[in-house]
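Trainee: Per TrEMBL, the feature transmembrane segment maps to 12-39, 45-69, 90-110, 130-151, 158-179, 185-207, 242-262, 268-285, 306-325, 345-366, 378-397, 403-429.
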Amino acid sequence: MKAKIESYKSGAIYSAGLSVVVKFIAFFQNFLIAYYLGAGTGTDIYFYMFGGMIAACEILQSITSSILIPRSMLLRNQDSFHTENAYLNAFLYTILSIAIIIIGIILINGKECLLLLSNFSAQDIDIHLPLLYILLPASIPYIINVVYVEVLASYKYFIFPQIITVINNIFIILFIVLFHASLGVFSLAVGFGIATIINFLWLIIFIKRNLSWSYSCFSFTHLKDSFSDICVKLVNDSTMAFTTMFPMYLLSMFYPGTITVITYANKLLQAPMILLVQLFAVLQIKLSELYSKHLGREMKRTYMEIGGKSILLSLIGAIFFFILRRPIVEICFGNGAMTPENIEVFIEVLGILIISIPFSIITAVSTRMLFVMRKIKTYTFLMIPCNIITCVLYYWLIEQKGVNGYAVADVSMEVVKSVMLLGCTLLLLRKIKCKYEN
């Protein structure tokens, strides 16, 4: 298989096909974690820390894909490769400098930070504090990997996100199988850390050899032009990250294993959506290229065709998933260290969350279209109040209904967001003038 795929259609096919393999490996990883470690305080703290790190890195990934990459493609087509190279390096080095300072402060005050940012007991934090000292340093090369994968995707190297994920999951699987008895939950963090370093090393070599990338050039000239959009997107994505972590903070006061069960349910929920989400990643690159060439009519046609088919497929998949949820959970997670109580909570929460699948697809495809049209501020003005309301709902419903309250709040706001974003996107598409095609 070629690393570079010239056709966007072929890129979508390859990416979607590889995503099946990736999701199977990720599912097997979760199965092994549940089998060997079950759901308890240790896994709760691991998933809480890991989730926080990934939420922060997803902010970076979102800013890169929605602002930096469309802008860099314009610079590449209208200026030069060197200008694009310097622009992206300036962004990456700025982010790395900020991240190193923040991580250093957290590492110095590790226990105090966890006590402040969670409801875990001081005793539990003491026992599992080494997780923090493994995961946080690993986030530095992970940040670099996130940016370079997006850069490679803009050059039609669409398969790299899957390769990175496969390597991460395989190392976690190896370490949990080999060292679960001696290291316990720490085996997950060690496996992830080693995989991240390996990914970092081969990525910087690959991008140097295949793109003739320079790591020494950087310029803030064009980055300053993107500063406003980056800040707006940062504010929005930070509220989204807070919205993601806030219910985990609330759930950390519940019985041991609650966060782990929620994590398993969310990961299982992503399985039927992974193909469509990967198609959207390729779709955004295609739409960005059409937008940079002022091909408005073709851009609208592509969005409507792929978006419509994706929503229909997600609806059909959600119906079957809901019907089969109990046998799926019992077969995949009913053995090993998971307790019957964990399984029942899992099934109940999953049944509620499944309702959100088609609405999540609407949100995903509409969001990418808004990013392509560079309507970052419009998106932000819609999402910030939604995220605030979501946090209020989480607080109220979790207090009232416990774990099920989390699922109800999540589904409710996904419906609201999908309706708002779809309406906004369709309205903006109607206003696009195709004067460049006439």
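Note that Cβ sites are derived from N, Cα and C of the backbone, with glycine treated the same way.
Please situate the listed features within the shown structure.
Mentor: Same-chain residues lying 6+ beyond the ends of the transmembrane segment (45-69) with a Cβ under 8 Å from its Cβ atoms: 87-88, 91, 95, 117-118, 120, 124-125, 128, 131-132, 135-136, 139, 142-143, 146-147, 150-151, 153-154, 185, 188-189, 192, 226, 229-230, 233-234, 237-238, 240-241, 244-245, 248, 252, 259-260, 263, 281, 284-285, 288, 368, 371, 376.
Counting only same-chain residues 6+ beyond the ends of the transmembrane segment (130-151), those with a CB under 8 A from a CB of the stretch are 45-46, 49-50, 53, 56-57, 60-61, 64-65, 68-69, 72, 88, 91-92, 95-96, 99-100, 103, 106-107, 110, 114, 160-161, 164, 185-186, 189-190, 192-193, 196-197, 199-200, 203-204, 207, 211.
Using a Cβ-Cβ cut-off under 8 Å and counting only residues 6 or more beyond its ends in the same chain, the transmembrane segment (242-262) has close neighbours at 38-41, 43-44, 47-48, 51-52, 55, 117-120, 339, 342, 345-346, 349, 387, 390-391, 394-395, 398-399, 402-403, 406, 409-410.
If one looks beyond the transmembrane segment (378-397) by at least 6 residues along the same chain, the residues whose Cβ comes under 8 Å of a Cβ in the stretch are 232-233, 235-236, 239-240, 242-243, 246-247, 250, 367, 370-371, 405-406, 408-409, 412-413, 416-417, 420-421, 424, 428.
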